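The pyridoxal 5'-phosphate binding site feature in Swiss-Prot is assigned to CYS131, PHE132, SER203, THR259, LEU260, GLY261, LYS262, SER292, ASN293. Residues or ranges marked as substrate binding site in Swiss-Prot (evidence: similarity to another entry): HIS156, ARG386. The N6-(pyridoxal phosphate)lysine annotation in Swiss-Prot covers LYS262 and rests on similarity to another entry. Sequence annotations record features per position, and here Swiss-Prot assigns transit peptide to 1-18.
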Amino acid sequence: MWASFMWHGALSPGRRAHSALAQLRCILDSELEGIRGAGTWKSERVITSRQGPSIRVDGISGGILNFCANNYLGLSSHPAVIQAGLQTLEEFGAGLSSTRFICGTQSIHKNLEAKIAHFHQREDAILYPSCFDANAGLFEALLTPEDAVLSDELNHASIIDGIRLCKAHKYRYRHLDMADLEAKLKEAQKHRLRLVATDGAFSMDGDIAPLQDICRLAAQYGALVFVDECHATGFLGPTGRGTDELLGVMDQVTIINSTLGKALGGASGGYTTGPEPLVSLLRQRSRPYLFSNSLPPAVVGCASKALDLLMESNAIIQSMAAKTRRFRSKMEAAGFTVSGADHPICPVMLGDARLSSQMADDMLKKGIFVIGFSYPVVPKGKARIRVQISAVHSEEDIDRCVEAFVEVGRLHGALP
């Protein structure tokens, strides 16, 4: 009797798997419904053209002005960059089918690493598939339980995740608060190495880290300085070296991580640049480097040409800066609050998640592509539409964007 009960009552492996899958679907459906209900659902628009100031979007007739790309210098569709990618593809193939330390290193990879190090005036550089990987691979390889890392509370998610992976003692200081950083540095004096980690420019707020003060405190308390320059490389500073050049502390920042996927052609890839022994250690221990395929040759060729163009002239940097000032001044004159410093990331602060999402949708109806950001990407109550200016936007593009903001803002009560 008992055996019969067990036979008929127990679920077969197939039925147990089906039951577990059904439970998972129920949990996921509930999570997704919660996101929709909160008004924070993120939809992916499908672009059917090249990246640029004017794009085509699936389902929408006519050209759309793009104000939400990281294409700060407009190099993602630059003819010379595209041609360099094609030539490298033809000469070196589609990919390496290998990691760097096996048979995935070509001369072009070493040449690009040398060019990056020269550009940043550092000893050496190492390429990664993305800057997310560079951040994920740095802290775990460098820091031990004897060490400490001190991180700005609004650092990019990739920095936060990278720090979580390491075994160092972790301190978080209030955003841009140098008094709090100093207090944390005092607490961390007992540790072997102390590394202050910060974004150079913060991607959601458009504000710039006070690197002069950070470097001063680091020197005072015997700490190293790490800066993520993803939203600075190529266009901040007189020659586009980044926030350390902008603020005159290039010789005081120890480690820089940045990307090839934004201003420098926009294709893909990231890197770490700094002291030669550090880069050598990363080649031996950094897991994203050791266990990821090499950057495709075409991506390497595009990035290398983008750096060449940047080092030939800073005219494109000046153009982007002038257009950024134009947008910010006109938006503020219209009554909007635009966060951050004179950075091409221009967050139009709205506060309410639904409002930012609805206004972004209505901006698209007027031919302007922008994105609303809300929790959990930004803190609750800090929803905004992030506008990003490119050197290849015309003054007419800027003015048309501002006019659309004014019309949509009045429609939704964001302006009187």
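Keep in mind that glycine also has a Cβ here, set from the backbone N, Cα and C atoms.
Keep in mind that this is a model prediction, so the values were computed, not measured.
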Least Cβ-crowded entry, counting other Cβ within 10 Å, from the binding-site residues listed as CYS131, LEU260: CYS131
Residue from CYS131, SER203, LYS262 whose C-alpha is spatially nearest that of ARG386 (substrate binding site), among the binding-site residues: SER203
Three-class DSSP secondary structure - ARG386 (substrate binding site): strand
Protein Cβ atoms within 10 Å of LYS262 (pyridoxal 5'-phosphate binding site), excluding its own: 26
SER203, ASN293 as binding-site residues, winner by CB count within 10 A: SER203
Among HIS156, ARG386, the most crowded of the binding-site residues [Cβ within 10 Å]: ARG386
Whole-number Å value for how far HIS156 (substrate binding site) lies from ASN293 (pyridoxal 5'-phosphate binding site) (Cα to Cα): 24
